[in-house]
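Undergrad: I have a structure I would like to understand better, so I am pasting it below and will then ask my questions one at a time.
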Amino acid sequence: MKNYLFTSESVSEGHPDKMADQISDGILDAILAQDPKGRVACETLLTTGLVVVAGEITTSAKVNFSEVARDVVKRIGYDHSDKGFDYKTCGVMIAVGQQSPDIAVGVKETLSDNQGAGDQGLMFGYAVNETPELMPLSIAMSHKLVKDLAALRKANKVDWLRPDAKSQVTVQYENGIAKRIDAVVISTQHADSVSNSTIQEFITEELIKKSIPGNWIDSKTKFFINPTGRFVTGGPMGDAGLTGRKIIVDTYGGHGAHGGGAFSGKDPSKVDRSAAYASRHIAKNIVGAGLAERCLVQVAYAIGVAEPVSITVNDYGTSKVGPEVLEKAVRQVFDLRPARITKDLDLLRPIYSPTAAYGHFGRNEESFTWERLNKVDQLKDAVKTLA
């Protein structure tokens, strides 16, 4: 398919599912700050006036889960019931147990980096040369819109913006290359007092036209701003929120593939998270090295076993050397045992809260170690010897 439209979406930090992700990762970070060896599988549910934190956590850290949850809600901006939630008055229920001893046996640390994977599963990493961050344009722009919208809200540019919001961007491809943005959808929660026309003008002029580079938008680009008309009831009052329910927003916006495992609330012994980060690291370095224009990497694990059961590279026909050579180069350059991933990407740190909103990939912050192009030369050298 050469000529087509492709759409991705993102959601703001005030979306109830993203609130849940941020609370789960806030708790993970609080534990890792005290106990880097803590085992965390933390799930969060939000509904009207209530936060429920559940899961399996084994740690020596002393963390006030309720306090962490309230701090996250406060930082997002839910500080009054008329916004759909209030960190001061919401209930917080804690239902946390310890990690199963059967799982713990499989992931115990050894001196030889042969710590077993925390579960079976398959993980994907993807990269494409459409943006400087080597991410698909549709998801990169979707994230930028809701992130910039939150910045406008927190800067008090207007007094009627509320935390809950969604974005959606449709990109037109010609001969497989992104050419223009065909449509932009923005739905933002707002105060009841503001008119639809005021919302539409502000979002068009202060958000869309300032956030998206002008070369992507033309006179035919369609803008849909709060297309239902009103969006007053939002946050957990409008919809329940749950950790791990925005896995496509978290990754590549529907491009590439997804193995099904969520990220937030999981320590790096869970390959759902660490191996997905490693797969992105591989794919980004392949594309960054100019070895392919587009790349998808799959890895898979058996619980309690360190070495992946499979590694697969798909170059979509954009590589001169082919996927088999790329796969051999990956095996030479990258150690995909979970303990090595954790060490190589320095994952036993409280670095996860920023990942829980606006995407885990395509970010420039220093703590996003899986975004570094630090294996480019090694991959090039490996390909030379193999081709």
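Cβ atoms here come from the backbone N, Cα and C positions, even for glycine.
So Swiss-Prot lists the following for this protein:
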- HIS15, ASP164, ALA165, LYS166, ARG230, PHE231, ASP239, ARG245, LYS246, ALA262, LYS266: ATP binding site (BINDING)
- ASP17: Mg(2+) binding site (BINDING)
- GLU43: K(+) binding site (BINDING)
- GLU56, GLN99, ASP239, LYS270: L-methionine binding site (BINDING)
- 99-109: region 'Flexible loop' (REGION)
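Give me the lay of the land around each of these features.
TA: Taking a C-beta cut-off of under 8 Å and a sequence gap of six or more, LYS266 (ATP binding site) has these contacts in its own chain: LEU28, VAL40, ALA41, CYS42, ASP272, ARG273.
Around ASP17 (Mg(2+) binding site), taking its Cβ as the centre, 22 other Cβ atoms fall within 10 Å, counting all chains. For the recorded site, ASP17 (Mg(2+) binding site), the DSSP three-state label reads helix.
Reduced to three states, the DSSP call for GLU43 (K(+) binding site) is strand.
In three-state terms derived from DSSP, LYS270 (L-methionine binding site) belongs to neither a helical nor a strand segment and is classed as coil.
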Undergrad: Rounded to an integer, what is the Cα-Cα distance in Å between ASP239 (ATP binding site) and ASP17 (Mg(2+) binding site)?
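TA: Distance (Cα to Cα, whole Å): 9 Å.
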Undergrad: Out of HIS15, ASP17, GLU43, ALA165, LYS246, the binding-site residues in the record, which is closest to LYS270 (L-methionine binding site) when you go by Cα distance?
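TA: Result for LYS270 (L-methionine binding site): the nearest of the binding-site residues is GLU43.
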Undergrad: Distance check, please: Cα of LYS246 (ATP binding site) against Cα of ASP17 (Mg(2+) binding site), rounded to an integer number of angstrom.
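TA: Given the Cα positions, LYS246 (ATP binding site) is 7 Å from ASP17 (Mg(2+) binding site).
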Undergrad: Quick one: of the binding-site residues ASP17, GLU43, GLU56, which has its CA closest to the CA of ALA165 (ATP binding site)?
TA: ASP17
